[in-house]
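If you check TrEMBL, you get these features:
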type     : residues                                                                               : note
DOMAIN   : 3-37                                                                                   : domain 'Galactokinase N-terminal'
DOMAIN   : 84-172                                                                                 : domain 'GHMP kinase N-terminal'
BINDING  : PRO112, LEU113, GLY114, ALA115, GLY116, LEU117, GLY118, SER119, SER120, ALA121, ALA122 : ATP binding site
ACT_SITE : ASP164                                                                                 : active site, proton acceptor
DOMAIN   : 235-301                                                                                : domain 'GHMP kinase C-terminal'
Amino acid sequence: MALSSAPGKVYLFGEHAVVYGEPAVPCAIEQRARVGVERRDDEKIRVNAEDLSLDGFTVEYGGRTEDEPDIDVSESLLAAATGYVDEAIAQVRAVTGEEDVGFDVTIESDIPLGAGLGSSAAVAVAAIDAGTRELGTTLEVEEIADRAFRTEYEVQDGQASRADTFCSATGGAVRVEGDDCRTIDAPDLPIVIGFDGGAGDTGQLVSDVRDLREEYEFAANTVESIGNIVRNGEQALADGDVEELGRLMNFNHGLLSALGVSSRSLDAMVWAARDADAYGAKLTGSGGGGCIVALDPSEATETALKFTPGCEDAFRAELADEGVCRLE
Ligand code: MEV
């Protein structure tokens with residue numbers, strides 16, 4: 001068996017706008033997905049996934065070739081998890097040329113699914129690395145990032161940027177603009193995450209923003225303005241100016257909210273962080289539900305979030321310097 005891990009991420013700036021060629025800055029965090037892949041002697045795929053939410057659950061299903069699974073999880077989460085794994089395995093088969101190979105895949109993750117922390121990218125990156133190594137092929141990090149991007153692109157009907165998957169593959173803070181992806185320097189950031197226990201449908205949310213952008217010029221301008229916030233944010237990161245980063249994150253959240261991708265619970269958590277004097281706070285990822293990211297070196301935001309109606313969990317996250325990691 002080959003076992004790999006890959007980190008989740010938070011977006012400091014730029015989600016959604018990055019889909020239209022604006023820059024974005026996601027940062028990898030030390031919450032990881034671990035994927036074990038073992039070759040089978042038939043063509044089937046069997047996936048055992050555990051802890052894909054912070055509460056944890058177990059799901060076993062037989063991939064696309066076996067009978068109805070014993071499901072202990074919502075259908076939509078199951079569909080999301082299995083879709084990404086199936087497509088990641090398709091990438092493994094394509095890159096190794098072993099089109100008929102079957103696998104037992106085991107997933108363990110600290111990252112809640114669909115909550116804006118890059119669970120699907122982390123699972124895709126770790127599955128592609130472990131799957132190819134199981135077949136004796138070791139890919140460069142850039143190739144893993146590219147194959148994982150193709151995985152998200154297929155599952156999300158052609159609506160995905162390279163940001164999540166590149167960040168998960170390389171680790172650290174990254175800057176993505178179109179096909180131009182690179183790691184950048186970042187200071188130690190006092191990251192606090194609030195989680196409402198929910199999830200957003202990335203494909204649907206990206207589609208909604210696309211429609212809005214096509215219908216209204218001011219929505220297209222909003223997307224461009226997010227790009228300008230990101231450019232300012234890059235300078236603040238380079239200067240190590242955490243207060244300015246926070247102000248820009250607040251601004252970015254306002255524009256994401258204008259694009260309709262926030263929610264009552266995400267807004268409540270953002271306001272709780274602001275009231276607790278965090279430097280700034282915003283939703284992270286596609287929105288609709290899931291997580292916010294705040295910057296606060298004190299305990300105040302974490303404590304305030306724990307008492308915020310709609311917030312299920314609050315925790316601190318460390319920047320992950322290491323991306324995909326080979327464990328076995
Ligand atoms: C989702 O984590 C981030 C989005 O920008 C979509 C993407 O970049 O693929 C909403």
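Residue numbering: from 1, along the chain as shown.
A Cβ is built for glycine as well, from the same backbone N, Cα and C atoms used for every other residue.
TrEMBL feature annotations superimposed on the structure.
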residue	record	CB count, 10 Å
PRO112	ATP binding site	28
GLY114	ATP binding site	24
GLY116	ATP binding site	30
GLY118	ATP binding site	30
SER120	ATP binding site	30
ALA122	ATP binding site	35
ASP164	active site, proton acceptor	34
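According to DSSP, the secondary structure content of the domain 'GHMP kinase N-terminal' (84-172) in residues is 52 helix, 7 strand, 30 coil. Neighbouring residues of the recorded ATP site, listed in sequence order and excluding PRO112, LEU113, GLY114, ALA115, GLY116, LEU117, GLY118, SER119, SER120, ALA121, ALA122, comprise GLY8, ILE111, GLY285, GLY290 (Cβ within 8 Å of the Cβ centroid). The domain 'Galactokinase N-terminal' (3-37): residue composition by secondary structure is 4 helix, 25 strand, 6 coil, according to DSSP. Among the recorded positions SER120, ALA122, ASP164, the ones whose Cβ sits under 6 Å from an atom of ligand 1 are, in sequence order, ASP164. Computed over the domain 'GHMP kinase C-terminal' (235-301), the whole-number mean pLDDT of the model equals 98. Among the binding-site residues PRO112, GLY114, GLY118, the ones whose Cα sits within 10 Å of the Cα of ASP164 (active site, proton acceptor) are GLY118, in sequence order. Within the domain 'GHMP kinase C-terminal' (235-301), the DSSP-based counts of helix, strand and coil residues read 36 helix, 9 strand, 22 coil.
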